[in-house]
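According to TrEMBL, the protein has these features:
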DOMAIN    3-96  domain 'Pyrroline-5-carboxylate reductase catalytic N-terminal'
BINDING   A67, V68, K69, P70  NADP(+) binding site
DOMAIN    159-263  domain 'Pyrroline-5-carboxylate reductase dimerisation'
Amino acid sequence: MTTIAVLGAGKIGEALLSGLLQAGRAPDRLLFTERHPERSAELSRRYGIRGTDVATAAAEADVLVVAVKPQDIEPLLTELAPAVGPGTLVVSLCAGLPTALFERRLPEGVPVVRVMPNTPMVVGEAMSAISGGRHAGPEHLTLVAELLGSVGKVVRVPESQQDAVTALSGSGPAYFFYLVEAMIDAGILLGIPRAVATDLIIQSAVGAATMLRDSGEHPVTLREAVTSPAGTTIMAVRELERHGVRAALLAAIEAARDRSEELGREHERD
Ligand SMILES: NC(=O)C1=CN([C@@H]2O[C@H](COP(=O)(O)OP(=O)(O)OC[C@H]3O[C@@H](n4cnc5c(N)ncnc54)[C@H](OP(=O)(O)O)[C@@H]3O)[C@@H](O)[C@H]2O)C=CC1
Ligand SMILES: O=C(O)[C@@H]1CCC=N1
């Protein structure tokens, strides 16, 4: 059975470990590394999995999942380079960082797969997009697709689309959380107690998401079905249009794509 080590078990690294355990992966086949001993001890206690150092993780694991912030990649690659061999698959979850960066810094021939997941991994509902680097063969992509398929949905995309994917689905859950937060505030504005407003909005979000996924209908059709002539919804939609919410979303997602590209460029000359 494949042993997986998560290097940098922060928010997304922990989401992956937790999702893999819930999907039935054996705890003794999972490892992680963390900078702070207290964090490491807490994760071991919470999940019954072993924290270790990068060299041990590289020696024991078949798959090394890099989940540090892009800004922290350099010291990690310096530690990893002498420890990793061509038989180990390196999977990067880092926004913006191209597979070519890893290939330059790691020994020749090490296969690298770039992945953009998202945090719903923790409930088995991740959206992950995967792209293979120069030395990644179909067997590596299949292995990564299986791994991430156990915690959500997986698509293969050309690496040139990964910055856009990062802006859409990598950051995507944050936009929905932001919208929910704003709608709960609207409930407060209208005098509804916070707990009730929270229930109303979260269940509406779950219902709407389930319809989007399961009905096979286009989002426009689903919205039209809520929008009665001279009714309440169209009054709200007019305000959304007046405040440029659609244009704001387009600009926001474009800005996220640009930042992903910039994170990659920051490492171009390394
Ligand atoms: N959060 C998300 O929704 C998503 C994140 N990503 C990508 O995943 C990566 C991690 O993001 P996120 O989980 O949010 O960030 P976090 O900061 O929460 O997690 C990174 C963790 O790695 C630790 N760390 C840093 N350097 C090392 C090292 N050399 N050895 C061991 N541990 C180390 C950090 O410790 P310390 O606390 O000391 O910094 C931290 O605990 C990023 O590259 C991000 O682009 C991708 C998709 C979604
Ligand atoms: O905000 C970030 O940079 C990371 C990448 C995608 C989601 N979170």
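Placed from the backbone N, Cα and C atoms, the Cβ positions cover glycine too.
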Long-range neighbours only, meaning 6 or more apart in sequence with Cβ under 8 Å: which ones does P70 (NADP(+) binding site) have?
C94, A95, G96, L97, L263, E266, H267
Suppose the NADP(+) site is A67, V68, K69, P70. Which further residues of the same chain have a Cβ inside 8 angstroms of that site's Cβ centroid?
G8, G10, V66, Q71, D72, I73, L76, L93, C94
When you tally the Cβ atoms that lie within 10 Å of each candidate's Cβ, which of the binding-site residues (A67, V68) has the highest tally?
A67
Counting each residue once, how many in the domain 'Pyrroline-5-carboxylate reductase catalytic N-terminal' (3-96) are helix, strand and coil under DSSP?
44 helix, 18 strand, 32 coil
Could you list the residues of the same chain, at least six apart in sequence, whose Cβ is under 8 A from the Cβ of K69 (NADP(+) binding site)?
G8, G10, C94
Averaged pLDDT score, the domain 'Pyrroline-5-carboxylate reductase catalytic N-terminal' (3-96):
96
